[in-house]
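Asks: Okay, here's the structure, questions in a sec.
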């Protein structure tokens with residue numbers, strides 16, 4: 001058994017590239033027994049890649065990793081588990097119809113002769129739950145457990161396999177405040193048992209509340225590693241951001257006109273409360289905040305995918321009917337949704353059919369569709385957005401992610417909207433295509449369209465927006481003009497709700 | 001385009017149909033005789049008519065197992081109202097109206113109450129047939145005006161074209177255009193491919209589904225009229241089991257059981273293939289059990305083949321776009 005303070009894991013100069021993209025360019029990390037170690041950084045800083053290397057999902061290209069005095073054998077998740085490394089994901093994957101004891105010992109049930117020794121499995125599971133400070137009933141089904149308790153079961157399972165390094169990838173992202181408390185209790189129990197916990201989180205208040213050490217990453221490298229007493233919120237935010245970002249975003253100064261979209265006191269108690277803002281013609285307004293803060297839900301409510309309980313949405317001064325995408329489209333609103341595969345595209349349909357889907361009026365005669373016009377429409381947008389595909393009838397599932405995203409943009413730009421709402425417009429696409437998408441959004445604003453952009457990428461928010469509205473846990477916590485906005489202010493508002501910082 | 005022709009299932013089925021015709025005419029004396037061809041068309045009238053609605057439902061990702069019961073209920077209502085003194089044109093309208101209403105009820109239960117269409121239409125399959133039983137019991141009505149009973153059985157003039165064929169062709173063209181050449185058809189395919197994405201594209205999914213369930217009921221009512229006159233019989237067990245033949249024909253015609261994929265001409269070929277095989281086996285005097293086995297095998301092939309073909313096709317396209 002490791003003693004408190006023993007070095008359990010050391011990563012030195014770890015490198016990883018995916019094709020041409022460098023994910024890690026020499027990262028260091030040291031973890032000791034009985035320590036909670038926070039790993040911080042913006043999206044794309046390389047945190048997840050680090051965790052995945054330790055979990056055995058990826059293999060590092062360079063650098064050394066050692067576990068205590070032994071080298072770490074990479075290669076498979078199984079190998080990582082055998083070396084005492086366990087990963088707890090944001091979304092636990094329990095067998096919901098099995099009991100908790102069955103879940104903990106799945107595939108490794110204790111045997112008595114030829115039969116499974118359920119009594120022992122249940123006792124052992126109960127002991128593990130007690131050790132973690134969460135006395136769950138090992139005989140109950142997993143169905144109906146909160147996400148936090150499901151995570152507890154996963155952690156118990158890890159402990160039953162003698163894990164001594166527990167990795168948690170944004171474990172609190174999907175949890176409510178009381179569930180977060182519960183998970184923190186568990187993390188403290190793990191610490192008391194001399195395990196090491198590495199966790200990734202974007203909620204900085206939590207990080208400071210529970211961590212012993214904080215490692216900050218940026219652009220695939222370690223920026224700093226400090227005991228929690230040796231740093232502070234300001235410093236950490238600065239280290240996470242740390243770069244000039246204006247060049248990536250060719251912001252044009254557009255003529256800003258009348259109010260196009262006016263949201264007033266919009267409330268849907270499950271997701272957001274009292275959201276009020278306006279977007280003017282020619283203006284780009286960003287909705288910033290953490291994933292799960294209610295930004296996408298506001299966009300869905302405006303476009304009519306979901307209903308809201310109170311408040312109003314006005315388009316050019318006129319009330320917009322709620323709960324009807326058809327009405328929203330009639331008022332020339334377009335929504336480019338966050339999940340292009342599920343919401344934005346018909347994956348098995350051709351590029352042409354996807355692009356024309358919202359623009360039938362443009363390609364039809366009195367009754368019938370005109371296929372020539374459909375081809376012409378597709379060709380127009382292929383040229384404008386330089387979408388790459390072999391033939392217009394090729395299913396969009398055969399296109400690269402970037403070209404798929406361009407196709408979603410194309411289909412909505414083809415409707416010639418007055419109000420363009422884009423939700424995570426550059427998620428999962430490469431840097432070059434990102435810049436193109438930014439240019440397109442700028443151009444749309446330049447044509448006098450009102451743009452509402454939701455983005456988790458701060459550089460994108462700061463580089464593109466005329467105004468930034470920050471949401472936190474369903475509330476609108478700050479509105480910042482382009483001039484006053486800084487990364488520090490936005491992060492502070494999104495993570496702690498405070499406007500200063 | 002070449003690629004598409006080489007790989008798609010609904011093209012393959014045309015080839016299979018041709019092969020069956022050639023083989024059947026070589027192994028029997030009168031397969032391609034005008035009377036037999038006329039019989040094939042005539043025998044498949046109701047299946048074809050109902051398939052024109054059901055294809056839209058399967059593409060939507062839904063199903064209607066109650067079509068044959070709707071046919072029977074409509075037929076019973078036709079017979080009952082005619083026997084009770086309604087003029088024949090009114091009895092026909094009642095048959096079609098009852099069918100339409102039944103379809104609407106299916107659609108309403110599926111979309112507004114939120115029950116799965118498989119469950120709902122298994123229920124209404126029994127319910128509608130049950131009502132038909134309640135109306136006619138074991139009675140059979142077979143006194144209809146001669147003008148109408150020839151319909152669907154007699155041929156046009158001295159030709160071998162059954163009188164129901166022009167109606168089927170008209171509906172076929174109409175629904176074919178609806179599916180392939182109008183926004184309505186595109187939305188049908190879109191809903192089947194991804195209901196969520198369809199909602200984000202501004203499609204009123206619920207309304208759309210109710211419309212399709214309703215016109216499927218309408219078509220089942222029309223099939224009820226043709227069936228009644230073709231056999232000159234209105235009774236409660238008319239058309240028992242036809243729903244499976246309708247669905248088989250759609251799948252045989254390349255409509256994906258998972259929704260989102262299907263062509264009208266594929267389905268027409270599917271109906272003709274099923275009808276031709278049936279007729280061939282009958283002419284060869286193969287007994288009924290064997291005919292059922294052959295139909296079953298055909299159906300299994302038809303479900304498996306499109307999946308395999310589409311996989312091969314998708315892999316090819318992906319490879320093409322990557323290079």
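Along the chain as shown, the residues are counted starting at 1.
Backbone N, Cα and C atoms are what each Cβ position is placed from, and that goes for glycine too.
According to TrEMBL, the protein has these features:
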TRANSMEM  B:7-27  transmembrane segment
TRANSMEM  B:47-74  transmembrane segment
TRANSMEM  B:86-109  transmembrane segment
TRANSMEM  B:115-136  transmembrane segment
TRANSMEM  B:156-179  transmembrane segment
TRANSMEM  B:210-229  transmembrane segment
TRANSMEM  B:241-268  transmembrane segment
TRANSMEM  B:288-309  transmembrane segment
Asks: Between the transmembrane segment (B:210-229) and the transmembrane segment (B:115-136), do 3 or more CB pairs sit under 8 angstroms, pairs being 6 or more residues apart?
Replies: no
Asks: When only pairs 6 or more apart in sequence are counted, do the transmembrane segment (B:86-109) and the transmembrane segment (B:210-229) reach 3 or more Cβ pairs under 8 Å?
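Replies: Answer yes: the transmembrane segment (B:86-109) meets the transmembrane segment (B:210-229) with 3 or more Cβ pairs below 8 Å.
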Asks: Is the transmembrane segment (B:241-268) in contact with the transmembrane segment (B:7-27), using three or more Cβ pairs under 8 angstroms as the rule and ignoring pairs under 6 apart in sequence?
Replies: yes
Asks: For the transmembrane segment (B:47-74), which recorded stretch in the set B:156-179, B:241-268, B:288-309 gives the largest number of Cβ pairs separated by under 8 Å?
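Replies: It is B:241-268 that shares the most Cβ pairs under 8 Å with the transmembrane segment (B:47-74).
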